[in-house]
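The following features are taken from TrEMBL:
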{"type": "BINDING", "residues": "A:ASP12, A:ASP13, A:SER43, A:ASN100", "note": "divalent metal cation binding site"}
{"type": "DOMAIN", "residues": "A:7-191", "note": "domain 'Survival protein SurE-like phosphatase/nucleotidase'"}
There are 2 protein chains.
Amino acid sequence: MKNKPTILVVNDDGITAPGIKALIEVMQTLGNVVVVAPDGPQSATGHAITIAKPLRLDGVDLYEGVEMYKCSGTPVDCVKLAVNKVFKGKKPDLCVSGINHGLNNSINVLYSGTMSAAVEGAIESIPSIGFSLDDFELDADFSHCKTYIEIITKQVLKHGLGLGTLLNVNFPKGNAIKGIKICRQANAKWAEEFDERLDPHKRKYYWLTGVFQNNDHGEDTDVWALEHGYASVVPVQFDMTAHHAIPILNTWDFGENKG
Amino acid sequence: MKNKPTILVVNDDGITAPGIKALIEVMQTLGNVVVVAPDGPQSATGHAITIAKPLRLDGVDLYEGVEMYKCSGTPVDCVKLAVNKVFKGKKPDLCVSGINHGLNNSINVLYSGTMSAAVEGAIESIPSIGFSLDDFELDADFSHCKTYIEIITKQVLKHGLGLGTLLNVNFPKGNAIKGIKICRQANAKWAEEFDERLDPHKRKYYWLTGVFQNNDHGEDTDVWALEHGYASVVPVQFDMTAHHAIPILNTWDFGENKG
């Protein structure tokens with residue numbers, strides 16, 4: 001299998017999730033696949049890494065002909081361990097993450113383990129893509145995403161991605177995807193509603209729940225694209241500097257303490 | 001204490017850390033302080049939130065005259081619970097996070113629980129600042145940071161911060177801070193070195209360690225400022241769209257699947 005690209009596959013729903021199986025199946029048609037994925041669910045772990053306890057990384061034999069490792073850590077840990085201990089510094093040609101069971105559009109790029117793994121791939125200068133489907137169910141149907149994943153991945157392998165840039169790809173549920181829209185991240189947020197309960201000892205505890213609040217109705221956003229039946233592709237970068245605010249802060253009065 | 005601002009204080013080192021004590025002491029001179037902080041260390045948890053288990057939020061009486069709550073979740077959970085269950089939707093005037101034991105400059109903005117809590121504050125439209133000191137030790141000396149924290153916080157309270165913008169403030173170790181530099185996030189990364197060991201059952205495990213690698217020697221970066229003895233102030237935003245890449249992706253060939 002010379003000349004075929006080496007592809008690292010990761011996710012946050014865990015190595016046995018149907019979503020990663022669908023992604024592996026597409027990637028097997030495009031290159032040599034190596035999977036390093038969490039040994040259990042790691043949704044909403046964001047860019048967390050594991051520093052207070054040790055990590056396990058063990059080979060597993062789950063799908064025929066695929067080199068696979070399960071990791072006890074977060075999705076970002078998986079990418080770090082893959083680069084260092086599996087690829088031993090010889091980086092893969094591509095890092096794909098997902099397919100996530102549930103959307104990772106808009107602000108979810110921050111909370112999502114799937115997207116954080118792809119961000120970590122990009123930090124490692126590996127062309128990286130996160131894929132997510134608007135369906136949280138374990139038995140979600142990923143079949144309609146496969147053609148799109150293949151098309152988008154081929155374009156990434158052909159053109160590459162600028163250093164520090166990755167893609168956040170989200171698919172609507174159902175068969176009738178209208179096409180691919182290149183988008184920006186919508187300015188939306190989660191409005192939390194904590195479900196307050198009493199345990200058997202009469203002490204309060206809370207379940208985090210939330211309602212997605214979109215206040216950004218731009219037709220160039222990922223939220224708009226998905227609501228209108230398109231697959232959204234957002235180029236993502238991880239320089240979080242608010243560059244526009246630098247000249248403003250330079251006018252503030254820090255007295256003699258301005259350096 | 002009318003007309004005084006209400007200030008939410010959070011951190012990632014846990015509610016008993018000396019860093020948050022120093023921050024509380026400064027904030028008490030500026031407003032009415034409410035603390036909601038993790039009940040134990042939550043460093044490097046990034047923007048993780050807790051969805052797979054319930055959360056505890058309990059009042060504690062640690063420092064005289066300060067309303068304080070410990071939370072079993074992540075720093076971001078703390079901000080969400082503060083807004084919803086402590087302030088009950090009536091948002092505080094300011095959210096400050098830290099003082100972190102250890103730098104959160106450059107790419108650490110992604111990994112840091114301290115900074116993720118401040119980002120969450122900004123997502124909630126609360127003017128937010130994260131503070132960190134270049135000293136990991138539990139007995140780190142925060143006294144030289146206090147004047148600077150006061151000056152910066154007063155400017156934020158006076159001018160406000162643009163919606164979706166927060167500040168990432170880092171201090172060098174030692175008494176001789178040269179002044180405040182407004183900076184951009186340096187383009188740096190962690191080069192991982194996993195410490196590989198064998199457990200008593202002869203199974204491998206790994207400790208995540210790393211070396212900070214800076215390939216960005218711009219004198220306008222936070223890394224440069226800190227290395228030269230200045231406190232760095234980086235304005236941060238959470239639109240991760242790589243806007244410059246949108247026109248490039250629009251030239252790619254998605255065939256008839258372009259929406």
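Any Cβ shown, glycine's included, is placed from N, Cα and C.
Because TrEMBL annotations are produced automatically, they should be read as predictions rather than curated entries.
Positions of the features from TrEMBL, shown on the structure.
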| residue | record | CB count, 10 Å |
| --- | --- | --- |
| A:ASP12 | divalent metal cation binding site | 33 |
| A:ASP13 | divalent metal cation binding site | 25 |
| A:SER43 | divalent metal cation binding site | 23 |
| A:ASN100 | divalent metal cation binding site | 30 |
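Checking the binding-site residues A:ASP12, A:ASP13, A:SER43, A:ASN100 against chain B with a Cβ-Cβ cut-off under 8 Å leaves A:SER43. The divalent metal cation site, placed at the center of the C-beta atoms of A:ASP12, A:ASP13, A:SER43, A:ASN100, has further neighbours from the same chain whose C-beta lies within 8 angstroms: A:ASN11, A:GLY14, A:ALA17, A:GLY19, A:PRO41, A:GLN42, A:ALA44, A:PRO75, A:GLY98, A:HIS101, A:GLY102, A:SER112, A:GLY113, A:THR114.
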